[in-house]
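Below is one structure, written out as structure tokens, with a few remarks after it.
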Amino acid sequence: MSQTKDKYQAFLETAPKLPRHIAIIMDGNGRWAQQRGQAREQGHAAGAKALDKVMRAAVALGIPYLTVYAFSTENWGRPQGEVEALMSLLVETIREQTPGMQEHGVRLLAIGDLDRLPSISRTALAEAIEKTQHNDKLTLTLALSYSARWELSHCMRRIATEIQRGLYLPEEIDEAVISQRLCTAGLPDPDLLIRTGGEQRISNFLLWQTAYAELYFSPIYWPDFDGDALLEAISDYSGRERRYGLTREQINKPIQQAEDTDLATTHDA
């Protein structure tokens with residue numbers, strides 16, 4: 001354990017910048033299992049263990065927000081046996097990992113069309129969310145029965161109702177109003193979006209929130225993704241320049257102005 005802590009500490013001493021919020025599309029469980037001649041359910045179970053490793057790594061690195069795509073609205077269309085196994089695994093994983101979340105200061109949240117989940121899954125989620133609500137090291141958000149199109153449709157219906165009730169005029173609807181009515185209201189937008197498993201698409205995940213996120217595609221199947229793989233993703237992110245639609249000169253200008261100010265202060269002294 002001490003070697004692991006030393007590894008993360010050494011990384012923190014050299015990394016120029018860290019993402020505040022990491023979002024992950026956890027892909028590749030089924031293919032991981034297929035390569036090993038195992039059932040898909042075994043791949044999902046291995047994926048749950050990988051999430052625990054990545055969660056602990058995020059805490060060690062001081063990453064305050066981690067959001068993972070655990071189950072999409074499209075996943076309801078998978079074979080019934082696989083869906084039932086996933087829902088059972090969800091309950092089992094939450095109950096097993098809640099003590100670890102408590103130990104490491106992890107607050108659990110869940111977003112999505114949660115009413116579609118089985119009652120036992122909703123109960124397990126609610127209990128874990130309540131138990132961890134005061135933890136402040138890492139906010140781990142599970143996207144369950146979630147898709148960005150569902151989220152945006154839900155948001156638009158809510159805004160339309162508020163306009164009908166006279167709470168807003170149509171011309172008053174701006175980006176802030178929309179953001180405050182998304183599932184992720186109160187959370188910062190992701191800085192880094194990681195997708196494992198080799199595919200290079202966003203798959204209907206946090207489309208609004210990842211407008212300016214850096215994208216990182218890893219060939220590693222999710223069950224094999226660990227703290228070292230997370231460090232590689234963050235290292236790649238650290239070397240990028242986020243411009244938010246501006247030019248490099250505009251981004252660098254405030255830095256140069258700050259350096260000039262420091263230089264002038266030194267001369268005055």
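The backbone N, Cα and C atoms fix where each Cβ goes, glycine too.
Remember, TrEMBL labels are computer predictions, not curated facts.
For the recorded site, Asp27 (active site), the DSSP three-state label reads coil. Sequence-distant neighbours of Asp27 (active site) (same chain, six or more apart, CB under 8 Å from its CB) are Arg195, Thr196, Gly197, Gly198, Glu199, Ser203, Tyr221, Trp222, listed in sequence order. The active site feature in TrEMBL is assigned to Asp27.
The annotation active site, proton acceptor is assigned in TrEMBL to Asn75. Around Asn75 (active site, proton acceptor), the same-chain residues six or more apart in sequence whose CB sits under 8 Å from its CB are Val83, Leu86, listed in sequence order.
Residues or ranges marked as Mg(2+) binding site by TrEMBL: Asp27, Glu214.
Cβ contacts within 10 Å of Trp76 (substrate binding site), excluding its own Cβ and spanning all protein chains shown: 12. Residues or ranges marked as substrate binding site in TrEMBL: 28-32, Arg40, His44, 72-74, Trp76, Arg78, Arg195, 201-203.
Comparing the binding-site residues Gly28, Gly30 by how many other C-beta atoms lie within 10 angstroms of each C-beta, the top residue is Gly28. Secondary structure from DSSP puts Trp76 (substrate binding site) in a helix. Secondary structure at Glu214 (Mg(2+) binding site), as computed by DSSP, is strand.
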